[in-house]
Amino acid sequence: MGTASSLVSPGDLIEDGYGAEGGEACEIPVEVKPKARLLRSSFRRAPRGIGASFKSTGSVELEYAAEYERLRKDYEIFRVSKNNEIASMQKKEAKLDDENKRLRAELQALQKTYQKILREKESALEAKYQAMERAATFEHDRDKVKRQFKIFRETKEKEIQDLLRARRDLESKLQQLQAQGIQLYDPADSDSDDNRTSITNDWDAAVASLLQVSPHVSQVLWSNTVRCYLIYTQETRAELHAFVQTHSSGLKRFCEGLGHFYLNVCFPEEKAALYTEERKMEIERSSVCVLLLKSSLSSFVVEDVEEAFVKCPDSRPLLVYLKMGDRKGECGGASSLSPATRELLERVNNADKTAKVKVVDHAGSAEDGAALIYTQLEKIIKQELLGLEMDDSGVVEEREDVYSGDVLWDLHDEQEQIEAYQNICSTAANHSFQKYIDGLNDMVAAPPPTPPLLVSGGPGSGKSLLLAKWIELQQKHSPNTLILYHFVGRPLSTSAEPVLIIKRLTVKLLQHFWSISGLSMDPCKILEEFPRWLERLSARHHGNIIIVIDSIDQIQNAERHMKWLIDPLPANVRVLVSVNVETCPQAWRLWPTLHLDPLNPREVRSVINTACVNTDTKLTKDQEKKLERHCRSASTCNALYVSLLARLLTHSRSSLSLEKTLHHCLSCQDTVALYRLCFKVALDALNTDRERNAMKELLCLVCASHNGISESEVLEIFSELSFPALSSLLHSLRRLLIVTFGCGLIRFQHLQACEAVMQEFLDGARYYALYREKLICYFSQQLSQNRVTWRVADELPWLLQQQENRSKLQLSLLNLFVSQNLYKRGHFSELLAYWQFVGKDKVSMAAEYFDALKEFERGCESEASMSKLANLYETLGRFLKDLGLLSQAVAPLQRSLEIRETALDPDHPSVAQSLHQLAGVYIQWRKFGNAEQLYKQALEISENAYGAEHCSVARELDSLSLLYQKQNKYEQAEKLQKRSIKIRQKMARQKGHMYGFTLLRRRALQLEELTLGKDSADCAKTLNELGVLYYLQNNIDAAKVFLMRSLEMRQRVLGTDHPDCAQSLNNLAALHCERRDYESAEKLYERALDIRKRALAPDHPSLAYTLKHLAMLYKRRGKLEKAVPLYELALEIREKSFGPKHPSVATALVNLAVLYCQLKKHSEALPLYERALRVYEDSLGRLHPRVGETLKNLAVLSYEEGDFEKAAELYKRAMEIKEAEPSLVCGKALSRLSSSGDTFSLRSPALLPHTSR
C-alpha cells in the first residue's frame, strides 16, 4: 500500500529508474493519447511530401512485424522487471510492518515503565509530605498544649482558695462532731480491697480518671463585675487618689471591652463607721482586695484587713502596697513600719497559708506607687479573674474562641439566666412547697403523650420559687435528666424576647449532642424549626428532657410565638410553664394544671416568725393577732406579700417604729401598695435630700431602661453620689425585696415593684420620656466617645425606639459597631425590628450599610483598623445572608476575604473564617462547586493552623458533609461526618465534657489539696494523677516531682512489689523517654516489668503494655535482639487476652515482623505479615487503612527478596486502598500506624527515632 506522498501532481518531475544508468527527467503529459495512435506515429520516419512514392504493402508489414516483435519483447522485459520490483517492495513493506510492530511494543513497554516510575515518585513524595505533616502536627499539638497549660498554671488560683475554705469548714464541722463525742469512720483504717487504687494501664485511662468530677463552673466575678475593694490610710490617700483618677479608667475600658463591669469599692476612713454592714457585704462580694499601708493604722482599716486578709485569705486575690520611707534620713524597709503595722502584716502573713498575697514595696512618689498598683491589678484581673493568657511582656494573647459554629448567642443572656436561677434558689423563704413538688413529680412521671404542664397562681404566689426548687431537686436525684430552664423577666426586656428564648433553648439542646451547626438565624425559622430539633435530639437522648419556662405569659403574643406547645411532644420530653391566672391564654387552660393556693394562717405565721427570730425582732401577742386577721384575703396572704411584710417589720428596730410600721402595713391591701410603703420606709431611712432624690432617680431609671442599669453607670450619671451612699442605698433596697442584681445590672426583684415605681414616681408617660431621654443622653455620649459596649448596643436603640425617634435610631444603627455588637450576640430579631421601625426594607437597609462601610474604609490606614474593617464586612455579609439577600451578601464577604489575605496572611485562620462564610452563601445560591472549593480551602487552612483535631476543622468537615448530602454524595458525607464526630467527642473528652481546661485546672487544684494529708494508697493515687496531668500539660519537672512522690508513698504504704508501684515506675519511664534519657527509662521499664511479671497473671493487659513499651525502647536504642523476646511475649499475651483474630493481635504481629525485617530474618517475617493481613481483612475489612499499611510492608519485604512482580502487585493494591480513603481535604485522619509498624497511643509519649552515629 502506498502513502499520500506517492501521488504526483501534474507538472511534477519524477525519476525514471528503468532506463540506463541515470535516467532523465521527463514531463508527464496532461492527457494520454490512445495507444493505437502512438503505434502508428512510431512508423513515421519523416513527413511525407507532395508527390512522394509509397513502399509496397509487404515491406510495410514486415517492418511492422519486426517492430511489433521488438516492442513485445521490451514489454515482456518491462513487465517482468516491474513484477520483480513489486515483489521486492512487498517484501520491504512486510519487513517495515514487522519493525513498526516491534517499535510500538517497545514504546508501550517504555510508557508502562515511565508510569510506574512516576507513580513510585508520587508515592515517595506523598510519604514525604505525610511525614512532614505528622511532624508539623506533633509540634503544633505540643505548642498548643503548652499554651493551654500556661492558662492552667496562671489563671485559676481561686479554685484552690475555694477548696481550702471548704476544707476549713469541714475541719470545723469535724471538730464539732468530735467535741460531741461522735466517732467518725476513717476509710484508711479499713482492710478492704476497695481502698486499693486501680491500675492505670496508659495515659488515656489516667485522663479518664481525672475527668470524673462534676462539671460545675464556679462564679469568679460577683454578677459580672470586677469589684476592687481598696483599703487605705491617711498616709496612702495620695496613691489612692492617683490610681482612681489616672489608672482605673483603663481597667474599666478593658473590662467593658470583654463584656464585664469594673468598679472601685472604697469607703472613706472618716465615714467608715457609718457603713459597717455595707463594708462586710462589699468585702464578701469583692473580686480583689488592695491594702495600701505605711505606718499608721485606724480601727476601720484593721477591721477590713481582718475580714478580707485574715478570715478568708483564699476567697479572692489579695494585694498589699507598702509605702516605705522616702524622706532623707528616714529608714527604708520594714524599719519604717510602726509596731501595729508590723503586727497586722504578721497576722496577714500567718493567715496566708498558700502564699497568695502579693506584696509591692515602694519608696517613690505617689504617682509611681499608683502605677505599680495598676500594673499588679491589671495582671491579677487578666490572669486570675478573667483567665486571659499573657505573654512575657504582659500583653494579652489572642485566645481561640470556643467553637459555636455559625450560631451567635449572647453569653450575657446565659449568665442572666444562671444568676436568676441561683438567686431564686438561695432565697431563704420558709414556704411549704412539698405538696406542690410531689404534684409536679407525679405529673412529670405520667405516661406519654403528655401535654405541657401548667403551674398557675396569682402574682407573687411563689411560682418561680417552686420551679427553681423543683429543678434543684431534679438535678440532684435524676442526673440523667436534661433540664433546660428560662426565667422571663419584665415585659419588653431581653429575657422576654421569644426568638431569643427559643434560640437559647435550641442551642442548649444542641450543645449536648456535639454539634450546633445547621441552626437558622431567621427569626421565623427559629420558631418553626424548634419542634423538629426537639424531636430529633430527644430521640438521641437516653433520659428525659424537661423544659421549664417561668412567667411565659409575660412574653408578648405568647400564644402566637409558642405554637409548638400545642403540638404533641416527644415521649421523653416534658414541658413546664408558669402563668398568672388572669393572663393565661384560654387555649392553655385545658392543660394539666397545678394551682398555687394562698398561704394558710399557719404558713403566714411561720414566715413572719422566722424573719423575726433571725433579726431579734419581737412581736407582741396583740400585734400577732392583728397580722393574723389582716392576712386572710387572697391578696394579703400570697407568698410575696407575706415575705415583704416580714421584711418591713424587721426593718424597724425600735418598738415605737415597729408599731408605726405595722399600722401602715395593715392599711396596704395588695403587694403594690406594700411596695409603695417600702419606698417611703427606705426614703425615711436616708439622711439627706440628695440621697432621697438619688433613690427616686435610680428607681425611675431602672424602670425606664431596657434591662436595668449598672452601679458604675449610676455613679457616672449622678456624679454627686458617692459609692458608700450608693452601696447603703442598694443594700436597703435589696433587703426590702425591691431590687436585685442580674449580670451586673440593677433590676427589680418582682414585677409588682416596677408597678409600684410607676404609680409612686412616674405618674404619666411624660415622666417616662424624661428618664428615657436622660439615659439616651448618657449612652449617646458614650457612643460619641467610641465606647461601643454591649450596654450601649442593648439600651440606646431600644430607648430611641420607645421614644419613636426614627432619625436618631437610624443614625445609631448606622454606627457599624452597634449593629455588629447586636448581631454577634445573637440579637438578630431585635436588629431587624429596629430597621422595620425606621421604615427601611431589606434592600435599602443593605444599601445604607454599604455606604457607611465605604465611608469608614476611607479612614482605615493601620493594620488594626483594617482588621476591624474586615470584621465589619464579614458581619454585614452574614447579616445579609441570613436575610436571604444572597447577591448583596457576596460582595462584603469577598471584600472581607481580600482585606484579611492582604493585611494578615493568606494562611491566617481569619481567612478560613471568610472562606467558610462565603461558601455558605454559595450553598444557598446552589453553586455547590464553588462552595466545595472554598470549604476545602478553609479546611486546609484550619488544619495547618490548629491541627487535624480542632473544633474549627470539625466545623469545616460538618459543612462539607452537609454540602455532599445536598449533592447526594452520601458516602463521602458519611466519612466526613464520622471524622467530625470523632473530633468533637475527643475534644469533649479532653475538655471534660465541653467545659474546657477549667475542669482540669480545678481537678489539679483539688488533687493538690488532697495530697496534704497523711500517706495512704488514695493519696498516692492522687499524686500519680497529678503527675499525669502535669505531663499532659508538658510541665515535665512538676510531673516528675509528683510521680516520684507517688512512687515513694506507694512503696512505703503498699510495698515495693505492689502493682501500683509498677504503674508509677511505668509513668516515670515514659517521662524519661520524653526527656530522651533512654538509659534511665530502660531501667525503670525493666523494674516495672519485673514487678508485673511476679504480681500479675501471664496474660494480663498491663503486662503486655509494659512489654510493648520496653520493646519499643530497645528497638529505638538498637538493641534488637533484646526486643525480640519481648515482642513475642507481648504477642502471646494479646492472643490469650483478645483471641487470635483480634486487630490488637495483628498489630503485635506487624510489630514483630518489622523487627525481624530489621534483623534481616525475612523468612520469619513473611508469615507474620501474611497472618496479620488476614486478621486485619477479616476484622476491619479489605479496604481499611491498616490493611493498606500491611500490604505496603509486604511489598517492601518482597522487593528486598527480589520478587519485584509480587512487590509491584502488593504495592498497587496498597495504593488502591489509600486512594479509596478520603483525601486530606475530605476528612482523612493521619494513620496511627507508623511505617515501622509501631502503634502509638495518642496519650503515650512518642519515642524519638534512634539515629546511628
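Every residue gets a Cβ built from N, Cα and C, even glycine.
As written in TrEMBL, here are the features:
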COILED    86-180  coiled coil
DOMAIN    221-387  domain 'Nephrocystin-3 alpha-beta'
DOMAIN    450-577  domain 'Nephrocystin 3-like N-terminal'
DOMAIN    602-761  domain 'Nephrocystin 3 helical'
DOMAIN    772-1010  domain 'Nephrocystin-3 TPR-repeats region'
REPEAT    912-945  repeat 'TPR'
REPEAT    1062-1095  repeat 'TPR'
REPEAT    1104-1137  repeat 'TPR'
REPEAT    1146-1179  repeat 'TPR'
REPEAT    1188-1221  repeat 'TPR'
Three-state composition of the repeat 'TPR' (1104-1137), taking helix and strand from DSSP: 31 helix, 0 strand, 3 coil
Counts by DSSP class (helix H/G/I, strand E/B, coil) across the domain 'Nephrocystin 3-like N-terminal' (450-577): 60 helix, 22 strand, 46 coil
Same-chain residues at least 6 beyond the ends of the repeat 'TPR' (912-945) whose Cβ lies under 8 Å from its Cβ atoms: 136, 406, 870, 874, 877-878, 881, 884, 886, 889-890, 893-894, 896-897, 900, 952-953, 955-957, 959-960, 962-963, 966-967, 1224-1226
Mean predicted confidence [pLDDT] for the repeat 'TPR' (1188-1221): 81
Residues of the repeat 'TPR' (1062-1095) by DSSP state, where helix covers H, G and I: 31 helix, 0 strand, 3 coil
